[in-house]
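Read through the structure below, which is laid out as structure tokens, and then see the notes.
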Amino acid sequence: MSIDSLPPLREVIERHDLMPKKSLGQNFLFDLNLTSKIARQAGDLRDQPVIEVGPGPGGLTRALLAQGAYVTAIERDDRCLEALAEIAAHYPGRLRIIAGDALEQDFTALFPEGPKPRIVANLPYNVGTQLLLNWLLVEPWPPFYSSMTLMFQREVAERIVAKPDSDHYGRLGVLAGWRTQAKIAFDVPPQAFTPPPKVMSSVVHIVPRETPLPCRAEALGQITQAAFGQRRKMLRQSLKSIGGAALLEKMGIDGTRRAETLSVEEFVALANACLP
């Protein structure tokens with residue numbers, strides 16, 4: 001059934017009293033041209049499984065279904081479930097709704113067989129970074145998903161794609177650069193949302209590397225957390241709790257350098273040396 005046969009989103013929100021909750025990091029998208037653009041960025045979705053986190057009233061959900069996807073939508077706001085159920089009725093067998101917190105979801109169990117899902121979502125701003133970290137550090141690798149097309153605040157998007165010696169380079173950039181190839185696809189202005197956030201947003205497209213540099217995810221997660229937790233300090237100080245100066249000397253890395261100057265490859269080498 002056509003997306004045009006569904007009632008307008010503003011009507012759905014009014015009927016179900018779905019004003020966005022700041023406590024849940026909700027900013028709803030009404031522009032169907034924009035939601036369709038996000039869905040297209042994920043590639044050809046015909047008969048492909050898609051995971052959507054935080055669908056809210058279902059603006060992006062509609063676009064994904066209209067492009068032929070099989071959508072699994074995870075929503076913790078019970079107020080939105082009835083509106084999503086109405087969409088499911090228009091697309092029989094194509095929308096699975098899971099009521100719950102995405103941070104507690106076992107994503108690997110959602111698709112035990114068949115093609116890997118794509119993750120496509122306008123992520124709630126208050127949990128978006130943590131969800132991405134979880135998906136970057138998931139084991140085993142290659143991961144349970146084939147790609148991610150995600151909306152973030154522009155500042156977070158810049159951290160994901162940042163390179164060494166740049167203002168935005170940090171733990172997120174190291175982990176994303178290690179295991180994936182990420183790019184900012186396009187920006188979304190505040191006025192596209194209800195309520196409009198105070199900052200620009202960006203859609204990021206992320207594709208997993210089949211064979212990233214060998215390293216334990218837990219080890220790299222720990223060493224980047226230590227290094228960037230005190231990013232203005234020299235490495236011999238910020239890494240003091242895990243060997244500091246001796247470890248850096250062993251690896252031939254100048255202990256007076258700061259975390260933002262190290263390449264992904266250097267972080268991987270440090271992680272392999274200190275946390276085998």
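Cβ from N, Cα, C; glycine included.
Per Swiss-Prot, the features are as follows:
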- Asn27, Leu29, Gly54, Glu75, Asp101, Asn122: S-adenosyl-L-methionine binding site (BINDING)
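Feature map: Swiss-Prot annotations on the structure.
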residue: Leu29; record: S-adenosyl-L-methionine binding site; contacts (Cβ under 8 Å, 6+ apart): Thr35, Gly59, Leu60, Asn122, Ala192, Phe193
residue: Glu75; record: S-adenosyl-L-methionine binding site; contacts (Cβ under 8 Å, 6+ apart): Gly54, Pro55, Gly56, Leu81, Leu84, Ile97, Ile98, Ala99, Gly100
residue: Asp101; record: S-adenosyl-L-methionine binding site; contacts (Cβ under 8 Å, 6+ apart): Arg76
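Across the residues the record lists as binding S-adenosyl-L-methionine (Asn27, Leu29, Gly54, Glu75, Asp101, Asn122), the two Cα atoms farthest apart are 21 Å from each other. Comparing the binding-site residues Asn27, Asn122 on other C-beta atoms within 10 angstroms of each C-beta gives the minimum for Asn27. Cβ-based neighbour count (10 Å, all protein chains) for Gly54 (S-adenosyl-L-methionine binding site) stands at 25.
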